[in-house]
Amino acid sequence: MGSVMSSFALCYGKNKKKEEERHLRANDRELNLSYKYGTNAIKTSKYNLITFLPLNFFEQFQRIANAYFLFLLILQLIPAISSLSWFTTVVPLVLVLSITAAKDASDDINRHKSDKQVNNRLVDVLINGELRSEKWMNVQVGDIIKLENNQFVTADLLLLSSSEPLNLVYIETAELDGETNLKVKQSLTVTGEMGDSIAKLAAFNGEVRCEPPNNRLDKFTGTMTFQGQKYSLDNEKILLRGCRLRNTDWCFGLVIFGGHETKLMQNCGKTTFKRTSIDHLMNVLVLCIFGFLAFMCTILAIGNGIWEHKEGTVFTAFLPRDEGVNASFSAFLTFWSYVIILNTVVPISLYVSVEIIRLGNSFYIDWDRKMYYPRSDTPAEARTTTLNEELGQIKYIFSDKTGTLTQNIMTFNKCSINGKSYGDVLDFAGQRVEITEKTEKVDFSYNPLADPKFYFHDHSLVEAVKLEDPEVHQFFRLLGLCHTVMAEEKKAGDLLYQAQSPDEGALVTAARNFGFVFRSRTPETVNIVEMGVQKSYELEAILDFNNVRKRMSVIVRSPEGKLSLYCKGADTIVYERLHPSCSKLMDITTEHLNEFAGEGLRTLVLAHKELDEAYFQSWKARHHEASTALEEREEKLDELYEEIEKDLLLLGATAIEDKLQDGVPQAIEELSKADIKIWVLTGDKQETAENIGYSCNLLREEMDEVFIVAANSSEEVKQELQNARKKMKPDSEDEPIIIESGILGKKSKMVADETVDGEYGLVINGHSLAFALEKGLELGFLRTANMCKTVICCRVTPLQKAQVVQLVKKYKNAVTLAIGDGANDVSMIKAAHIGVGISGQEGMQAVLSSDFSFAQFRYLQRLLLVHGRWSYLRMCKFLRYFFYKNFTFTLVHFWYAFFCGFSAQTVYDEWFITLYNLVYTALPVLGMSLFEQDVNDRWSFQYPQLYAPGQLNLYFNKAAFIMCVMHSCYSSLVLFFVPYAAMYDTVRDDGREIADYQSFALLAQTCLLITVSIQLGLDTAYWTAVNQFFLWGSLAVYFAITFTMYSNGMYLIFTASFPFIGTARNSLNQPNVWLTIILTSILCVLPVVAFRFLLIQLYPTINDRVRFKVREAKAAPPPLPKRARLRRTSSRRSGYAFSHTQGYGDLVTSRRFLRRPAIGHAGGFSPSGRQQSSARQESLPQTYRAVGEASRRV
């Protein structure tokens, strides 16, 4: 599946005049080409063979560091100022450029392959009166194409005709919104009449005028003119690219938008190069370091000028000056010489090491078995290797709902029938027990028509059905009759339900398994099998659902001639219409409803009544009169519905679970403990979003208040937001507190956090959000939202999702993460600092645009609290140590300059300078940066508060950098002056002098290497065999290389390159040299040890406290006990009826079949179980196909 949609990984566009209206004519390529509309080809690659090297190097040298090292290389090629060989810079620079270029080339080759694979897919196109197989990239706007079952939609099409009755097609939109239930589309009747007649389709010359390309997945406006008539076009007649044709043999469509102009590609959003906050800080610090370097070089150049003026003339007899060189010019040359020598304050190996660390931490994510989802064989994947440490700094999570928090699967969980609650499992003592995968399931084998994927655990309900309890039978009879589901039965007993919403499908499936099987319908009848007996009910009327009624009723006549009305709807609505005799039953049912709602289940109340024949005939006549009225038709029908839907008898209630992904509530709870704010941005209705909010612990009954913002004007929204702020914080200011901050002239305004007493939630709909995101209101909305523990934005468009993320990014100094699974989440994923895609589903669009991907939301907890926190900790420790060791290394040169006449002589051997960062100190710091962890993953889960330092950026910031510089200054002073004083006028134990330059250089570099190695040991909290090997191995390699390079043999072979002949063996065999090394190392690390000791004693951090507990435990903590699911009650209704969409009652009764007639029905029930064995797919929950869009997701 990934390969199918991989071409959508990046968005592609061209600079051209903005299109205001699209005009095209079917089967007229000449006219359509004149408008220069985009082709259907996709191009996502960046380079070709000719442009790769120049473009790639141009991009790479835009990085300040790369340009700086190129500049250094040029300086080193000038003999007058170069005191170091050119190879010390060119080797690491070429290595970095080559590695980056290879990585970019590999990525672009994959993009080329992806483009080629998708562009070369074949589709049937109607050209010159015949169907031809053409590549996708050759399809043009205005072409008519033929799609067949299970094919992907090639471009955005206007549906012309299909193989299905009523010209319907069924499509799966998983690539767009992550939903796997089917949606229905219907063509215009005038085009549907063409069917699959090639002659008629070839003669079709309809002209379409419509909106220009845009990213609104849920909206389309246009008109079609054909044979002098104008027809209105809307979204129900459009098939979008990325959808897949299902349960439809064939269809024909007219191409409206192609390629990058399709709505799917328009939703890709702008692809931006994401950089971490540490990257931004590093850029600032590197500029500051350059300034510091220039400052040091200036001081040394001035010193050289003064020294040359006062003392230089004394040495001209030995070192004659070149012609024209005076003290001032010498100072100028010295400035550039010291730029070369002191460049190690920012060595290029820093950037190499950073990339290696990020790559290593990315592999940890890819290899983590605890983030692998076996059901879909989907591992976690770090799709971007440059953002790992930012995972440890997340403050805001923006999440989609359907397919991200939920599985988009509804299950019949519990019910209340005639005052008795069913669905719980009780032990022998009558106590409720938690239902797990091991809990015994009800055996439905007695019912040959049962859905093998339906599970239920309460055996008492099956017993009640078998005992023919009249109320129970009436309850399931209602579920089998009161709906607008369509049944498809391609072979006997194999039923497939097409439901307009997932809820309806779950209820009808439940009735099916308990013995009331809906088999088929006609406009006049509903056919069901009741306990093995085929019955046909006459469908007299459907009183359909709408958002005002919040209920649905059907009036049916039984085979015995009895008239009945069956009603289901929201409890508040149905209760008002009950007969007074139901008051006692209503109280008991209300208790059950409170329990169901407390568990986050979607509730629905069922009622019925018997109708008098004479009254019904009178009502039916008035109903027909009202339904044909030209004026006030809706009002008249509502009055008639109100009249007949009264004095109902209560049957009970259903409880449906909008099934969350495993572990979602627990993950959200732990992330909240880590002080991460979670905002849900969904296209679902308000009630549905609220329900999920309660189910997954985002909203809780214990909250002080949940504010609902559903205003219809800018002023009303402003007032509601202001009222909410006043309730949360009565003394809050009317205007937000703005903090201005800026670096290097870039000013930014940040909204300060405001603390409130208590916990609050905010729910805002898309209409109100549009006003809230306006310029004058956005800060007020952000203030209110930040005061709340949870924010849920419902009915939002993809653009609004991105706008909310950008608002937080703009005005909050915080790192954001967006997680989703559909194309409607792509713009949000790209807008956030970190984008996470939910993979393993059929929709892969979000994954292709994401930085990280995995199969289940619960893995986000491990990604952030373990991998993210460790990555941030490792990167910060690496940077602190790296800057320390390099500043210390470089500043020794600075102090030495005052003793060598500012001559730009290096204090160390040239080979030591070359190998210091590449060999001697490279592996130990990489070992720490790849394996370091303060506590293991289980302690990280147990104490989510450990995540807080990353959010506050405590481990590496400007203050930490200044501390590093001060530490380096102190260490460099000790490392220079202690060996200098120890060597001054010193002799060997045989009386010979040891105070020469080469011996001092060797002593200084040995002290430096041992000191930084000890410092690394102090910084390392988690030792492994690899760390030990790297540390001791690097010291051993240093001494081995030193003795080799300072040997007689190397001097004899390469005299000019190895001048330090015999220095190592003559110096390192002296006790006073080793005493100096030990003394210097102790003086360097002693203040650090003392400072850290006092800091832990006086100001312990959360990390210090947890590590102390770990040491006390002396073992990993025991596994956390499984928490029993607490039963709670709630007066809040998570009602299905509130979130249900407008019904298809009119379509059902339109006297035209929606599906082909069902085939002949096979037998009923078998008393001894199934006669035909069918494997029970225990690993899969019950699912069903849906006709209508259950909820408008955008």
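Numbers run from 1 along the shown chain.
Backbone N, Cα and C atoms are what each Cβ position is placed from, and that goes for glycine too.
Note that TrEMBL annotation is computational and uncurated.
Here TrEMBL flags 25-90 as domain 'P-type ATPase N-terminal'.
All protein chains shown were included, and the count of other CB atoms within 10 Å of the CB of T402 (Mg(2+) binding site) stands at 27. Under the heading Mg(2+) binding site, TrEMBL lists D400, T402, D821, D825.
The local packing around D400 (Mg(2+) binding site), expressed as other Cβ atoms within 10 Å of its Cβ over all shown chains, amounts to 30. Positions annotated as active site, 4-aspartylphosphate intermediate by TrEMBL: D400.
Sequence-distant contacts of the coiled coil (623-650) (same chain, at least 6 residues past either end, Cβ-Cβ under 8 Å): 541, 543, 548-549, 551, 553, 555, 565, 567, 574, 577-579, 581-582, 585-586, 589, 605-609, 611. Taken from TrEMBL, the feature coiled coil applies to 623-650.
The feature region 'Disordered' is assigned by TrEMBL to 1119-1138 (among others).
If you look up TrEMBL, you'll see 1122-1131 marked as compositional bias 'Basic residues'.
Under the heading region 'Disordered', TrEMBL lists 1159-1194 (among others).
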The one of D821, D825 whose CB sees the fewest other CB atoms within 10 Å, among these binding-site residues: D821
Residues of the domain 'P-type ATPase N-terminal' (25-90) by DSSP state, where helix covers H, G and I: 32 helix, 1 strand, 33 coil
